[in-house]
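So that you can see what the record holds, here are the features copied from TrEMBL:
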type: TRANSMEM; residues: 89-119; note: transmembrane segment
type: TRANSMEM; residues: 140-163; note: transmembrane segment
type: TRANSMEM; residues: 205-229; note: transmembrane segment
type: TRANSMEM; residues: 235-254; note: transmembrane segment
type: TRANSMEM; residues: 315-334; note: transmembrane segment
type: TRANSMEM; residues: 354-374; note: transmembrane segment
type: TRANSMEM; residues: 394-419; note: transmembrane segment
type: TRANSMEM; residues: 431-451; note: transmembrane segment
type: TRANSMEM; residues: 457-477; note: transmembrane segment
Amino acid sequence: MFDEISEGAERNANCRRSVVEKSLLDDQEVLGNQSFIGLLQAMTELAKRAIPAFFGTVFKHLIDISNIFFAGKIASFSVDQEIYNASDIIAGVGLGILCYNVFIFSVSWGLSITIDTLTSQAFGSQKYHLCGYYLNRYRVVSTVLFLFQCILLLNIGDILILIGQAEIPCRVCQIFIKYQLIGLFCSVQFEGLRRYLIAQGVYNMIVYIQCMCFFLHIGMISTICYSFGLEVESLSYINLLTNIISLVLLTLFCMKTSQIPREGWHYELGSFEGLAQFISLAIPSTMMRCMEYWVSEIIMIFTGWCGAKDQAAAIIIFNVFLAMYRLISGISMATSNLVGNCLGNNDAKNAKQYALASLCVAFVPIILCINFLFFCRYQIMSFSDDQEVIEKGVSLMIFFILICPFDFIQGSLSGVFTGMGYQKYGSMINILSYFLFLIPLAYVLGFVYGYGTTGIFLAWVLGFLVCSILVTATVFLTDWDHLTKKIQERLTTTI
């Protein structure tokens, strides 16, 4: 048996070297047919890949946090002779970030999850031309979809007012979004390119680019804020410029690097012949990801019905929590690629081992996040001087501590779902957990029984508890050998 495995590994290595230059080996590791790995080894490999993936996602979120931070420094903001206080501006910019995350980035993340699944499996089976095809299909679908998203975002302020949000934060939200639409499109394309590279084991340059752009973003905001006075429009324009620079730099890297196979990188007819297959997986992928963002948006809308200060406090503590959640995003992304590589290479046992490793590794950020949230008062004070906002934020802290283990477990295992191609099941679980259980319960506890934000956030905890149980059961009750056979059949017939 081990002789056969050794021969298979040698054949895979020879095939790989014939397609990819030797420099590819410096930054990539591809799983060939190999002996069963131990849990500790799987956790080590997962952590090694998760750390750069984490830093890539955290820099994106730090830009959002910096926008909220500097929004709180805008003393007044005049539109149509209205004067907005700091709480209104924080709530408005926070709503803007939440809206473009919900309606733009959640969709692009859902589409890019399709790249994670298909590209990692194709790369594991050494069908390198398919990797580029999947990227091109993402570009086409995301571009067409963005045209419709623009229509929605150009009217988002009026829509938020219609559903009962305070008028002044909604107007700030509209201004913050409309000046950076082109930048949002660049960010969508950047995400697809980033996932394409990560699925093939290329991490480092992505982190370098995102790190550089983050500090550039902070530098531009600080210069304008302390030299000329910051306004919401200038905050929006800086976001636009940051996103454009990020996409240009990553595209130039892809055009020049030898770390990825060149097959399928350019637009070819084969990129579009399998568009229907891509869309058939992209729809449940997008639904699975979007529902996580949508439930957050609905919860924030519910807190807005409780008052602007409740909403400002919820947005601040939620964004602090999201910064810690990026640890899980890195684990999820690394897991999806490792599981996908194994399944594409007909290696069900190691795929399942990486699934177990992701669950074990998730407990490290859970402990870090819980300890971090105990100091949330000082974090909230850095965003707002309003004592009422600070006290409300501190009162919500306990709920995020309770949410943390359940959300992190399901977040980590969602990467396993992605590697398995189980987005359809993931979307069904999210519908059940969030929309049939969490949201109705939040409304009943918050408004029918009058518990306000306390009742809303208690429902949030219970919703994530249900989701984590269902996700864990699905992963570890799956017949992995049968799943591997289905993936091999698809790869042999894929265009």
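For all residues, glycine too, the Cβ spot is worked out from N, Cα and C.
Just so you know, TrEMBL annotations never went through curation; they're auto-generated.
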Contact call for the transmembrane segment (394-419) against the transmembrane segment (431-451), three or more Cβ pairs under 8 Å: no
Contact check, the transmembrane segment (354-374) vs the transmembrane segment (431-451), 3+ Cβ pairs under 8 Å, seq sep 6+: no
Same-chain residue ranges lying at least 6 outside the transmembrane segment (315-334) that approach it to Cβ under 8 Å: 46, 49-58, 61-62, 64-65, 68, 90-91, 94-95, 97-98, 116, 195, 198, 296, 300, 358, 361-362, 364-365, 368-369, 372-373, 376, 379-380, 383-384, 389, 393, 396-397, 400, 403-404, 407-408, 411-412, 414-415, 418
Contacting positions for the transmembrane segment (457-477) when only residues 6+ beyond its ends and CB under 8 Å are counted: 295, 299, 355-356, 359, 396, 399-400, 402-403, 405-407, 409-410, 413-414, 416-417, 420, 422, 425-426, 429-430, 432-434, 437-439, 441-442, 444-446, 451
